[in-house]
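Asks: Structure incoming, see below.
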Amino acid sequence: MSNNSNKRAPTTATQRLKQDYLRIKKDPVPYICAEPLPSNILEWHYVVRGPEMTPYEGGYYHGKLIFPREFPFKPPSIYMITPNGRFKCNTRLCLSITDFHPDTWNPAWSVSTILTGLLSFMVEKGPTLGSIETSDFTKKQLAAQSLVFNLKDKVFCELFPEVVEEIKQKQKAQDELSNRPQNLPLPDVVPDGELHRGQHGIQLLNGHAPAAGPNLAGLPQANRHHGLLGGALANLFVIVGFAAFAYTVKYVLRSIAQE
């Protein structure tokens, strides 16, 4: 018997999986897309986009479903291929919707139901056979690394060209952001005629420092001299004013005495 005949699924499984495929295309599962192998409808591959507000945000997680020839009367096995920090890679996962628990399997469950259950368990932290424990930091690192990892997978690229393009666009945006020159500090600009201090305590006029030269170093000393001169003049004006007032009073008193 040839390999192709070994891979040929029974009519019941084929019909059911075709129906499930049409259902997924019409009503996609949130965050997940799935495609069967063109050569074997019993092997499906899926991609989970990491949901927002989770450690998996920004990541792309590739895995596969292996359906038995008795599907839908027996459950499939589920594998995760992309390193993710939640499940072991290329290991059968023990979930209530997999072949680890045929006693809890419901033939009415579709491929959409299976993938929804997988995503639900992925964002939880409950342990199971095939799961691992890692920190959120590690999961975020793996999410960032998943882009490059998946682009190296031939099956991934063949089955999910739209996702591949999405990843490449995201990588391009990240590269442009990282290569963008840092913004230079803006000059200190103030209204015309106003002085304020810029960096290193240098006074700026209209947002510009005075031209470099011998006078620049003497600015603080010159300002100090101007302050002393102004204070002396103010004291002199007070003394002169007081003397004038005293002379006026004396003159008035003398005039009254003569009368």
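Cβ coordinates are placed from backbone N, Cα and C, and glycine is handled just like the others.
According to Swiss-Prot, the record shows the following:
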- 1-226: topological domain 'Cytoplasmic' (TOPO_DOM)
- 12-162: domain 'UBC core' (DOMAIN)
- CYS94: active site, glycyl thioester intermediate (ACT_SITE)
- 227-247: transmembrane segment (TRANSMEM)
- 248-259: topological domain 'Lumenal' (TOPO_DOM)
Asks: For CYS94 (active site, glycyl thioester intermediate), what is the tally of other C-beta atoms lying within 10 angstroms of its C-beta?
Replies: 16
Asks: Quick check: in three-state DSSP terms, what is the residue listed as 'active site, glycyl thioester intermediate'?
Replies: coil
Asks: Report the mean pLDDT of the predicted model across the topological domain 'Lumenal' (248-259), rounded to a whole number.
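Replies: When the pLDDT values over the topological domain 'Lumenal' (248-259) are averaged, the result is 59.
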